[in-house]
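Now, the feature entries from TrEMBL:
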BINDING   Gly51, Val54, Asn58, Ser297, Asn329, Leu394, Asp397, Ser398  Na(+) binding site
DISULFID  Cys156-Cys165  disulfide bond
TRANSMEM  75-96  transmembrane segment
TRANSMEM  117-144  transmembrane segment
TRANSMEM  241-258  transmembrane segment
TRANSMEM  290-311  transmembrane segment
TRANSMEM  323-347  transmembrane segment
TRANSMEM  382-402  transmembrane segment
TRANSMEM  423-449  transmembrane segment
TRANSMEM  455-476  transmembrane segment
TRANSMEM  496-518  transmembrane segment
TRANSMEM  530-558  transmembrane segment
Amino acid sequence: LPCPTPCSLAQPVTPELLVSPSSQDGDLGSECPEDRGNWTGRLDFLLSCIGYCVGLGNVWRFPYRAYTNGGGAFLVPYFIMLAICGIPIFFMELSLGQFSSLGPLAVWKISPLFKGVGMGTILIVSLVAIYYNMIIAYVLFYLFASLTSDLPWQHCGNWWNTDLCLDHHVIKAGNTTFPINITNTVSPSEEYWSRYVLHIQGSSGIGDPGRIRWNLCLCLLLSWTIVYLCILKGVKSSGKVVYFTATFPYLILVMLLIRGVTLEGAWKGIRFYLTPQFDHLLSSKVWIEAALQIFYSLGVGFGGLLTFASYNTFHQNIYRDTFIVTLGNAITSILAGFAIFSVLGYMSQELGVPVNQVAKAGPGLAFVVYPQAMTMLPLSPFWSFLFFFMLLTLGLDSQFAFMETIVTAVTDEFPYYLRPKKASFSAVICIALFLMGLILTTEGGMYWLVLLDDYSAGFGLMVVVITTCLVVTRVYGMKRFCRDIHMMLGFKPGPYFRACWTVLSPATMMALLVYNIIKYQPSEYGSYRFPIWAEVLGILMGVLSCLMIPVGMVVAVLREEGTLWERVQQASRPTMDWGPSLEENRTGMYVASLAGSQSPKPLMVHMRKYGGITSYENTAIEVDREMEEEEEEESM
């Protein structure tokens, strides 16, 4: 509901403050943060987080990473890395968002000196949103192409096919006693993808994009339209859509899994996927790959988790939700591996080639290998449609999170101007990102997509996460952060979380960052090698998000007064209005920062105002007592 009176009339404040001050007589002032909206259902938040984390990477990256890094043995470093840097950072992001009810930019009231971290996050998310929606556009293209009695990538002989095209039906009709060398041939599905969908032969490289593929352009427009309609009313609309987009993929995944394991030769693929090779565990590469998979699969650092948590009620049990989402995400990845490799095993038997010759990762799996496998099944258009519909729902709820993050971050910075026009502002963002993504719909668009995929969320994202960890634990203070969680949830994080936040998680992220820099390899797409200028452009994309941090520091320091050191100290402290957004949740030390509260015992003011003492007020009394004891110890 709109504020009954303009918030600026209650008391003169700077426009960016989200918390309206209390009126002069101490009564509850108009609560502008309510305009932000909240989740309307009990499961909205949980399903949104599951939908955000369980995305395309679970289907097309995890199974391939598992089999190339020791099969079943890969699960050992995978779950260890989940415990060391997955679960703790996930919980930290949710805690920051829920405690402050602020987006990824405004949340840096916790330490304005580091607001550039939020700016870097928004830049990364914007770049990812551009190319991620292009992948959804490809999925839509294949989804429509599946609405036929005969899949268009089933046979050779179409205008886009070349002499190298080899139909698997021809192989099956011939003698399959000896393995056939298919290295110098191309499958119909591969030529359909590269020569028809992408029409990549019309481009000589990244510097020659060629013409716009209008069918892809229309698919991209449709995908942006779907995304806009779903985020039109913020979390109130997207929170309802995820009831379908977060749950339906599981139904399709189970159907594909049952169909897969009943196919002849499925055991070959599953054995290939899960056979443990424990000697791989001695390689540092395997541990790094496990950490990378956790890092990108959970979506930490992108601001999506923080944004979703900011729409929670203050006492929502995010501790429980953290374990549900992170473990559910891991189990989904493992299940997807069974569904993918059972079909690849059947495919390898049909073609008479080893499984490793048909196994691929990324778009190659989704748009070449799996569609080819579908053509070998009875009712192939039905299974193809199901597979691409699953990819569509997996991709959409991740895209909802990216868009909600961008919109929330900016509207929280300018709540008085943009929040009433959130729908219009969302439309402007969607149109802008659609126009920026038009280069991806050209004949050479895949080269640009690979460049964005390789560099937009690489080392820049790791720098953002490492900085966030260090600021919360070192600048804001681990003790104070644990107190905030205690006040919010009724208990303090245990030694496991404190050890991870302080040492283990930042150390693991630093190792990832160093490994990525040392093992840097130029981008490539098939046999195409990117020119030097494209590499430099990619590196600049990553560096730009990191540069936001020092830029933000300079701006924050210039806004303060005094000597340089005094300015840095002032800018690193939380702002006066940092804390819970609603007055009834500002217990303990945070009541003192509300206008109109002059009592030396601010909790008493709070209790007189709202009446009674709840279990959470008891927690606040404990926190106050702890702080008093610490102050006495320091004075002695």
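Cβ from N, Cα, C; glycine included.
For the recorded Na(+) site, residues Gly51, Val54, Asn58, Ser297, Asn329, Leu394, Asp397, Ser398 set the reference point as the centre of their Cβ atoms, and the other residues of that chain within 8 Å of it by Cβ are Ile50, Tyr52, Cys53, Gly55, Leu56, Gly57, Ala246, Pro249, Gly299, Thr332.
The Cβ of Ser398 (Na(+) binding site) lies under 8 Å from the Cβ of Gly51, Tyr52, Gly55, Leu56, Tyr132, Gly299, Gly304, each on the same chain and at least six residues away in sequence. Within the same chain, the transmembrane segment (496-518) packs against the transmembrane segment (455-476): three or more Cβ pairs sit under 8 Å, each pair at least 6 residues apart. Long-range Cβ proximity for Val54 (Na(+) binding site), meaning a same-chain Cβ under 8 A and a gap of 6 or more residues, is found for Ala246, Pro249, Gly328, Asn329, Thr332, Leu394.
Of the two recorded stretches, the transmembrane segment (423-449) lies close to the transmembrane segment (117-144), with three or more CB pairs under 8 Å once pairs fewer than 6 apart in sequence are set aside.
If you look at the transmembrane segment (323-347) against the transmembrane segment (290-311), you find at least three C-beta pairs under 8 angstroms, all six or more positions apart, and that counts as contact.
Looking at Cys156 (disulfide bond) and Asp397 (Na(+) binding site), their Cα atoms lie 36 Å from each other. In summary, the transmembrane segment (290-311) lies against the transmembrane segment (75-96): three or more C-beta pairs, each 6 or more positions apart in sequence, are under 8 Å.
For the recorded positions Cys165, Leu394, the largest tally of other C-beta atoms within 10 A is found at Leu394. Counting Cβ pairs closer than 8 Å to the transmembrane segment (382-402), the top stretch among 75-96, 117-144, 530-558 is 117-144.
Under 8 Å, Cβ to Cβ, and six or more positions away along its own chain, Asn58 (Na(+) binding site) finds Ser297, Asn329, Thr332, Ser333, Ala336, Leu394.
Cβ atoms under 8 Å from those of the transmembrane segment (75-96) belong to residues 66, 107, 110, 281, 286-287, 289-291, 293-295, 298, 300-301, 305-306, 308-309, 318-319, 321-323, 325-326, 330, 334, 465, 468-469, 472, 481, 484-485, 488, 493, 496-497, 500-501, 504-505, 508-509 of the same chain, restricted to positions at least 6 beyond its ends. Note on Asp397 (Na(+) binding site): other Cβ atoms within 10 Å of its Cβ, all shown chains, come to 25. Neighbour counts were taken at the CB atom with a 10 A radius for the recorded positions Gly51, Cys156, Ser297, Asn329; the maximum falls on Gly51. Taking the Cα atom of each, Cys165 (disulfide bond) and Asp397 (Na(+) binding site) are about 37 angstrom apart.
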